[in-house]
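Report on one structure; see the data block that follows.
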Amino acid sequence: MALVPSQVLRVAILLSYCSILCNYKAIEMPSHHTYGGSWKFLTFIDLVIQAVFFGICVLTDLSSLLTRGSGNQEQERQLRKLISLRDWILAVLAFPVGVFVVVVFWIIYAYDREMIYPKLLDNFIPGWLNHGMHTTVLPFILIEMRTSHHGYPSRSSGLTTICTFSLGYILWVCWVHHVTGMWAYPFLEHIGPGARIIFFGSTTIFLNFLYLLGEALNSYIWDTQRTAKRK
């Protein structure tokens, strides 16, 4: 039996994301008042994705509790729809985008933090908030995968969705640069057009890999558990 019920963990994680988002939006930073605001940063978009995902998880838990033993077929049908939405968001957005943000941010940060998170930002964003945006996302999503089985969509559908998301964000970043003359991320200023195309293509490939990794990890965790139960 789990030390902490998964339902309690989801509520705690949802509250932590709400706190992180509120604290981040309360910070007076110049970038918040430029074109695109916080929405030009993938970190912020990811935080919104994670908060929405865990919000749906909590709503699913509440709905499951209310419909348990009721025998109401309509309520059970709505619950199945909610579970399908929860699983779809985890598969195509919450896991791949969340892991992408953590891995890419810390790799670039370790190489040269000025390229992704200039030291100037330390004057605005406290260390705990930085880790809330760029570190805890990974353990939170892994906890969710470990505590609940999630049904994945067909591989072609999942990969099409993640490619569409990636292309949409790349076009959005390019549009912001077209309007303002500035890239959302400092390192894009220091590489040529060809290198940017390679970088954007590589990020799309990496997101596709993370989708497949999530699919494999989900199957491994739950196939292993089913095997252990049979034994």
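Positions of Cβ are set from backbone N, Cα and C atoms, glycine also.
Annotated transmembrane segment per TrEMBL: 47-67 (among others), in sequence order.
The transmembrane segment feature in TrEMBL is assigned to 88-108 (among others).
Sequence annotations record features per position, and here TrEMBL assigns transmembrane segment to 128-145 (among others).
According to TrEMBL, the feature transmembrane segment maps to 157-178 (among others). Taking Cβ pairs closer than 8 Å, the transmembrane segment (157-178) reaches residues 35-36, 40, 42, 45, 91-93, 96-97, 184-185, 188, 200, 203-204, 207-208, 211, 215 in its own chain, all 6 or more past its ends.
Feature annotation from TrEMBL assigns transmembrane segment to 198-221 (among others). Counting residues 6+ beyond its ends, the transmembrane segment (198-221) has Cβ neighbours under 8 Å at 90-92, 95-97, 99-100, 104, 145-146, 149-150, 152, 155, 158-159, 162-163, 165-167, 170, 188, 191 in the same chain.
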